[in-house]
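Listed features, source TrEMBL:
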- A:6-29: transmembrane segment (TRANSMEM)
- A:65-85: transmembrane segment (TRANSMEM)
- A:97-116: transmembrane segment (TRANSMEM)
- A:136-160: transmembrane segment (TRANSMEM)
- A:181-206: transmembrane segment (TRANSMEM)
- A:226-247: transmembrane segment (TRANSMEM)
- A:259-278: transmembrane segment (TRANSMEM)
Amino acid sequence: MDVFFQILASGLTLGAVYAISTVGLALVFGAMNMLNMSHGALMALGGYMAWFTMTGLGLPPVAGMLVAVLVCAGVGVLIYLLIAGPMLRSEGFETRVFIATIGFGAMLESVILMAFGPQPKPQPLAVQGGLSVAQVHLPVQNLLILALAMVLMAALALLLQKSRIGRAIRATAQNRDAARLMGVRVGMVYALVLAISGGLAAVSGITVSSLSSLLPNMGGDPMLKAFIICVVAGLGRVPGSVVAALFIGLFEAVVQYTVGVRFSFASLLLLVIVVLIWKPQGVFGRHQGVRL
Amino acid sequence: MSDDLVISDLAAGYGHQSVLHDLTLRAQAGRLTAIIGPNGHGKTTLLRAISGLIAVRTGEIRLGADRISGLPAEAVVARGIVHVPQGDLLFPDMTVLENLRMGAFLPAAARQEKTVLEEVYTLLPKLRDRENQIARTLSGGERRMVGIGRGLMASGRVLMLDEPSLGLAPIVIEQIYEVIAGLRRAGRSILLVEENAMRAAAIADQVHLLDHGTLNWSGTGAELSGRPELLETYLGV
């Protein structure tokens, strides 16, 4: 029974980390059909910004989080202004922006490498210590990550469902021309969506690095998993991707305990293959029927 | 007079393809102006050019004192031109009520949202019953009504309707046209694009025939009915 709770706790933490990185990707894809391949580099940037603010400048953790989120949100806007915006009306937008963001991500990673060097650094924005409930040991850091993820998801859901700007985002996602006819400035919506996604990438980068360490290419692996989760959930389904992230976190924890850590990524990919055979549009996805 | 929609020497199209040319038109305020003509001759393009969804190449569009041409779509609707597009273009994953509320997205319309919503529900009572239904699950006629209702929510100065009878059963077309007739009686400025010439002629104050990208004939609905050769040449009826 203790083992069960231990797996549950580590699985949920893993899922929460995945959820934060996945939701940013899903939001951008859902709103503008854009796969942002520089999401991983944004995660690394966020982690390093927190490190720089706290270790470099000696500021408190809140400042570290804030600077990381603001810088990455700003880079999100930059991605809109330099890449997505100019391409938006061109043919084959999805393919072009996919390739262009790979390039942007590589550049960003190189800048981080040049600025901070290739050696791993510890993430200062982390909490030591743990709680022991019965025989289950829970690191405080993991509990914080879980709580943070839940607060962020709830805030995002509230923003999308209840606010005026959230209605504009959903309208733009569902029908761009119709949204413009309602008076929605879709350029602003896209810039904002990329900024939110950038901010989420920063938080995600901080959580990932707090569980391991900072490296310029640390975003690659979590981004790959975030894409896998997006595909499993159905591309662009924001609430679905949260559920899928938690499920995959649990799945990975179970596999790691029962079969072994070295099989966890392989079984994850196997799961994706099975899901895509069973439901090619993703578990929560829908066929985009031809509109007449 | 001050709220007339005036189009002068308009040219517009898509990419390298030119669709409209030398198009001059005045849609009087408080009247129902109909654009008829065969499919693929630029009726929808005209509305898309007015609402700013496609760029105007040459010429000018004015609403009263405001110059509309050259503005992006989100600025055109803020000037009071409301486009109810062909095929409705609803927000498929929103409810009927959410769709209607999107119509009043701009601050000026949002301030009177509650009042206008009641008016829309009075005009289209079926929408009140379907308030919480997701738009993608509606029937064709209901979708059309949501599209028109959403347009009305903007409280604009001119309402542009693109083929409101398209793809509907005759009995539903009848209902939709009753609604349009009601809007006309209420003194709304309406620009109606319709392939069904007789339908449009029966309801319009002024009819314009759009053929090969330019206006070919203009007159009242009654005058059109008295010109069978026009209908035969251009519309095959």
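Glycine too: its Cβ is placed from the backbone N, Cα and C atoms.
TrEMBL annotations: computationally assigned, not manually curated.
Put simply, of A:6-29, A:65-85, A:136-160, A:181-206, A:259-278, the stretch with the most CB pairs closer than 8 A to the transmembrane segment (A:226-247) is A:6-29. For the transmembrane segment (A:136-160), the partner stretch with the highest count of Cβ pairs under 8 angstroms, out of A:6-29, A:65-85, A:181-206, A:259-278, is A:6-29. With a threshold of 8 Å between CB atoms, the same-chain residues lying at least 6 positions outside the transmembrane segment (A:6-29) that come near it are 35-36, 39, 43, 136-138, 142, 145-146, 148-150, 152-153, 156, 193-194, 196-201, 203-204, 207-208, 211, 222-223, 225-227, 229-230, 233, 235-238, 240-242, 244-254, 257.
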